[in-house]
Structure formats: C-alpha cells, structure tokens
Amino acid sequence: MHSCWNMKLQNEKTLGHSVSRSSNISKAGSPTSVSAPSRFPRTSVTPSSQDICRICHCEGDDESPLITPCHCTGSLHFVHQACLQQWIKSSDTRCCELCKFEFIMETKLKPLRKWEKLQMTASERRKIMCSVTFHVIAITCVVWSLYVLIDRTAEEIRMGQNNGILEWPFWTKLVVVAIGFTGGLLFMYVQCKVYVQLWKRLKAYNRVIYVQNCPETCKKKIFEKSVIIEPNLESKEALGIHHSDTNSSYYTEPEDCGAAILQV
C-alpha cells in the first residue's frame, strides 16, 4: 500500500510539472504575453545636430576643421577648407554661388615644377590638340603666302621704278597682302584670347588658396560664446555665495555653543 501511495504521488508531481511547463511554453509563445524588459529603455532616434560640410556632408575634425566663409546659414553655413579650395579651382569663381559674398582669401602659386595638369575630359583634350595643330598649320601657310606676295611685290616695285609705271597686278597683290595681314592679326587675336583663358584656368588650378572666415560670422560666434559663458559665471558666483554662507553658519554654531557653556 505504501509503495502504491508513493507511485501515485510521483505521477501527480510529474503531471503537475508537465502542466506548468506547457503553460509556461504557451505564455512564452503567445505574442501578447511578451513584454520588453525594464532594464533596456527605449531610445528615440533623433536627427544629428552636428555641423557638417555643405560639399562633402562630413563632419569637421582637427586636421580639416570647418570654416564659415560667407553669409549662408543653416546646413550651408559650414564647409571644409580643402573642399572649398577644390570647388574654387574647378569653377574659377571667387564668390559664393548662393549669397554672392566674395570670399576673403589669400592666393599663392605653386612652384612651376609642382604644377598639376588641368582636369579635362578626353574630348576636350582632343579638341585642344586638333585646334593647336590647325592653328600651327594655318599660321605657317599665312606667313608663307605673305612672304611670297611681299617678295613678288618688292620685285614689281623695283621693275616699276626702272620703268616708272606700276601695273594693276601690283596693286592687286598689295590689297591681297593687306587683307591677308589684317585677317591673320584678327585670327591670332581671337585664338590668343582662347589660349589666355586656358592659361588662366591652369594658373587658377595650380593656386594654393586659403579662405578666411567671414568677419561677421566670427563676431557672431564670439558673441554666442560670451552669452554662454556669462550665465555659467553667474551660476558659479551664486554657488560660491551659497557655499560661503553654509560654511559661515557651520563655523558660527560652535561659537554659540561655547558662549552658552560659558554662561553656565
């Protein structure tokens, strides 16, 4: 009987454990019973308020700090020195494209041996090479033609001096020489303007540019810093006064006690 009673108790215990285990599993499996642990607080995702460069959208550091070169505000207020230098070199402009403020900068040319090639596409390089080749050939032909015409004209002048008469072919050649010379000068002037612009671009690309901060933005920064520092100083003074009051009260209490003891 005793053994049967023990067997019955063991069966009841096993049934109770299985029931409780199944209930725990069902609770764990149900989505409504899951609750977030209290030790892991929920964090809200907020946009970063860090200052970033308006060209590369990166933050500033000790090696490449952010500067404020113009009057733009908001997300366009800051820019890296290197990013702005590269933009000025490629665009060949000296003012902001938005607020039109002319940058305050110091320029210095690199040594000639350290000059870099102008960044151009393959089609632009091909056009420049073809243009230079055509211009060299055209200038050679014009110079040779003028030389031949001038030489023959000089011979006719000598013959005319001997005969005392200058024929029509001489005047025709003289007009052709004058027109050719004038056209050659105009052609050289137009092409020289193109090459001068190209030379300016190359010089601008090989300049070392240091852009300074806008004076007004610097004043604003100094004013903001002073406004932030002044309340801190006032709070420190208030804390110092409060601390001195507590210390004085702390030291005056024993004096009162001593006086009371003397009276006794």
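Yeah, the Cβs are placed from backbone N, Cα and C, and that goes for glycine too.
As annotated by Swiss-Prot, region 'Disordered' applies to 15-47. If you look up Swiss-Prot, you'll see 45-106 marked as zinc finger. If you look up Swiss-Prot, you'll see Cys53, Cys56, His80, Cys83 marked as Zn(2+) 1 binding site. The Zn(2+) 2 binding site annotation in Swiss-Prot covers Cys70, Cys72, Cys96, Cys99. Feature annotation from Swiss-Prot assigns transmembrane segment to 130-150, 170-190.
Structural mapping of features recorded in Swiss-Prot.
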residue	record	DSSP class
Cys53	Zn(2+) 1 binding site	coil
Cys70	Zn(2+) 2 binding site	coil
His80	Zn(2+) 1 binding site	strand
Cys96	Zn(2+) 2 binding site	coil
In whole Å, how far is Cys96 (Zn(2+) 2 binding site) from Cys56 (Zn(2+) 1 binding site) when you measure between their Cα atoms?
16
Which chain neighbours of the Zn(2+) 2 site, leaving out Cys70, Cys72, Cys96, Cys99, have a Cβ atom within 8 Å of the mean position of the site's Cβ atoms?
Pro69, His71, Leu76, Glu97, Leu98, Lys100, Phe101
Binding-site residues compared (Cys53, Cys70, Cys96, Cys99) - the one with the fewest other Cβ atoms within 10 Å:
Cys99
Have a look around Cys72 (Zn(2+) 2 binding site) and count the other CB atoms within 10 A of its CB, chains all included.
19
Using the recorded Zn(2+) 1 site (Cys53, Cys56, His80, Cys83) as reference, state which further residues of the same chain have their Cβ within 8 Å of the centre of those residues' Cβ atoms, listed in sequence order.
Arg54, Ile55, His57, Cys58, Ser64, Leu66, Val79, Ala82, Leu84
Would you mind reading off the Cα separation of Cys72 (Zn(2+) 2 binding site) from Cys83 (Zn(2+) 1 binding site), to the nearest angstrom?
16
Give the sequence-ordered list of residues that share a chain with His80 (Zn(2+) 1 binding site), lie 6 or more positions from it, and have CB atoms under 8 Å from its CB.
Cys53, Ile55, Cys56, Cys58, Gly60, Ser64, Pro65, Leu66, Ile67
Quick one: Cα separation, Cys99 (Zn(2+) 2 binding site) versus Cys83 (Zn(2+) 1 binding site), in Å?
18
Cβ-based isolation winner (fewest other Cβ atoms within 10 Å) among the binding-site residues Cys56, Cys83:
Cys56
Between Cys96 (Zn(2+) 2 binding site) and Cys83 (Zn(2+) 1 binding site): CA-CA distance (Å):
13
